[in-house]
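Per TrEMBL, these features apply:
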- C29, C33, C36: [4Fe-4S] cluster binding site (BINDING)
- 15-230: domain 'Radical SAM core' (DOMAIN)
Amino acid sequence: MAGSSEISPPVSPPVSPPLWLLAELTYRCPLHCVFCYNPTQYARLQEEMSTAQWVDVMRQARALGAAQLGFSGGEPMLRDDLEELVQEARHLGFYTNLITSGVGLTETRARKLKDAGLDHVQLSFQDSTKELNDFLSHTKTFELKQKVARLIKQHDWPMVMNCVLHRHNLPHVGKIIEMAEALEAEFLELANTQYYGWAWTNRDHLMPTHEQLIEAEAVVNRYRAQPNPRCRVLFVVPDYFEERPKACMNGWGAVFLAIAPDGTALPCHNARDLPGLKLPRVQDQPLADIWARSQAFNAYRGDSWMKPPCSSCDERHKDFGGCRCQAFLITGDAAQADPVCSKSPHHAKVVELVRRAPEHRVTPIVFRSDSESRALHPQD
Ligand code: FES
């Protein structure tokens, strides 16, 4: 009221909608990748939502403003209702993306997914060689992935080829680009390993050297400098080798919403590992409440949770303090600055993790599997 001495309470900024919905349909997967980003305790999380429950989640997310929908896993092709979910998603107006290892993507299912309106496919490879691809996934899938890549192009889908990079395949980056070109991928995502989940368990085996990274990036830059390169290549430098953190998830609770197979809503893939979060389930409350009002989605939203040096940093609205999961794994406190940042008092721990990796490769590499999952979490 004009002239009133009453002071209005501060109005918190409105919460923007989740633009990107990730539907993790199942944690089941035929592959055993050493850098899988699924939770290491996945074997104890076998519950999966029904088709009707997923359709309800998609409807609610679309009503909230979500526009892009990724079907992921585990391996989403293991769900027999994938075509039905894609069809419903397209009907709701989502742009749909299938994130797959290729296993289960047969001619018949490709045709059905095309008819259902699937827009886009992301196919993972582990390497340009059969030996390393099959070793890192602990399966014989290299040739099958090549066939699936051709199938994707026969169905006129735009294809992102994704390859996670680490010390074993960084020297093959040139060959990986050649493979992506030969298979007519429009886009190649060379994503250096991020150290969470299974990759955190195997970090001493996967951590590259500075020299490997510099050489691989130079190969990518030479390819990009060619006249009219056929494939767009994204090279994501690993956080541990940077001086500033990535804007993880574009900020907590800003645009990204993942739903786990059992209906748990996650502000990031690894949020289960953060202590103190009360993770909501879509079976228990409306998605709009979860997104706007739940404790978990507000825990690190905005900047009021930040401690020094983030709280007064002039870059805090650019990187949002970095990654909460990385801060927790390395410092034991998810509200610390991401220690990748050179301003963090814990930055030396990241430098040490990189330095000691070659000396610490004494334990065997751990392949993702139900038995390893249970061994890592015997108490759950
Ligand atoms: Fe969880 Fe970055 S992966 S906040």
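Cβ coordinates come from backbone N, Cα and C, glycine included.
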So what sits near C36 ([4Fe-4S] cluster binding site) in its own chain, CB-to-CB under 8 Å and at least six residues off in sequence?
C29, G197, W198, A199, R368
Determine the mean pLDDT over the domain 'Radical SAM core' (15-230), rounding to the nearest whole number.
96
Take the Cβ of C29 ([4Fe-4S] cluster binding site) and count every other Cβ within 10 Å, whichever protein chain it belongs to.
22
Near C33 ([4Fe-4S] cluster binding site), how many other Cβ atoms are within 10 Å of its Cβ?
21
When DSSP states are folded down to helix, strand and coil, where does C36 ([4Fe-4S] cluster binding site) land?
coil
